[in-house]
Amino acid sequence: MGSFNDSFGGGFILLGFSDWPQLEPVLFVFISVFYSLTLFGNSTIITLSVLDPQLHTPMYFFLCHLSFLDLCYTTSTVPQLLINLHGPDHTITYGGCVAQLFISLALGSTESVLLLMMAFDRYVAVCRPLHYTTTMHPQLCQVLALFSWLGGLLNSLIQAGIVMAMPLCGLRVLNHFFCEMPVLLKLACVDTNGTEAKMFVARVIIVAIPAALILGSYVHIARAVLRVKSMSGRRKAFGTCGSHLLVVSLFYGSATYTYLQPGSSYSESRGKFAALFYTIVSPMLNPLIYTLRNKDVKEALRKVLGIGRDSG
């Protein structure tokens, strides 16, 4: 019984969606399109946020970080998936698997904390509008963003380190399309109950607590909006917060399914499709959700493209 890198130095075989061979060509086309849209949409948000001074606000500062996260997250998994779907080679090296595990955990954890920071920004904007500019000053925004990244990295170091230290045995086959924590744990040669309990505590801290705090902030936001007498004011407040709430629901819904259920009840087949959602679909939808009804972004796009308001 060897350690992680001794027993599996040759790497792993990612089964991906080989159980459904008739589905693989369809998935290849759809995922290629979604990945292209993800790259284009998130790159556009980052570019506009940098180029247009009107978007140099806390909301777009955090949105820029979210777009960068989504770009990195999809790129850490989707190219490998497309290779597996298109050809017979379903292998991934030991180093590649470890890197994929660490990066995906770090980025997912960072996004969880970052969404909490974005909720705090919306809370101050709606519930403390007169103090918004003094509260959400650039230095605080940078500290909150840095805290998100460091928190995600620390969580990934702890959880990935625990998995890498566990002895694994059996076949080198992962019933997934990338190296994800629940699937790797199934290869453990030892009893994982104690390890899973420790990891569950870490996941509660990084997923459940931010989700609960976001829910609490939106209760206060809803109360503040209902006190606004003008319908236009209510629409504006709900418009700025609705996009974030939808992104939060998509992210925490899929993350809760994968990471906050007991390992014994985890279904690898359903887990693969849930992972498709938060690695591909959600990052593709985020730019659309935030920009579809956003006049600031549309105006910034007109300026960058040199299109006048009248001609739009």
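Here the Cβ of each residue, glycine as well, is placed from N, Cα and C on the backbone.
As recorded in TrEMBL:
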type: TRANSMEM; residues: 26-48; note: transmembrane segment
type: DOMAIN; residues: 41-290; note: domain 'G-protein coupled receptors family 1 profile'
type: TRANSMEM; residues: 60-78; note: transmembrane segment
type: TRANSMEM; residues: 98-120; note: transmembrane segment
type: TRANSMEM; residues: 140-166; note: transmembrane segment
type: TRANSMEM; residues: 200-226; note: transmembrane segment
type: TRANSMEM; residues: 238-260; note: transmembrane segment
type: TRANSMEM; residues: 272-292; note: transmembrane segment
Let me check one thing: do the transmembrane segment (238-260) and the transmembrane segment (26-48) come into contact, meaning three or more Cβ pairs under 8 Å with sequence separation of at least 6? no
Spell out yes or no: are there three or more C-beta pairs under 8 angstroms between the transmembrane segment (60-78) and the transmembrane segment (140-166), with each pair 6 or more apart in sequence? yes
Check the transmembrane segment (98-120) against each of 26-48, 140-166, 200-226, 272-292 and return whichever range has the most CB pairs under 8 Å. 140-166
Ranking 140-166, 200-226, 272-292 by Cβ pairs under 8 Å to the transmembrane segment (26-48), which is first? 272-292
I'm checking region-level scores; what's the whole-number mean pLDDT for the domain 'G-protein coupled receptors family 1 profile' (41-290)? 87
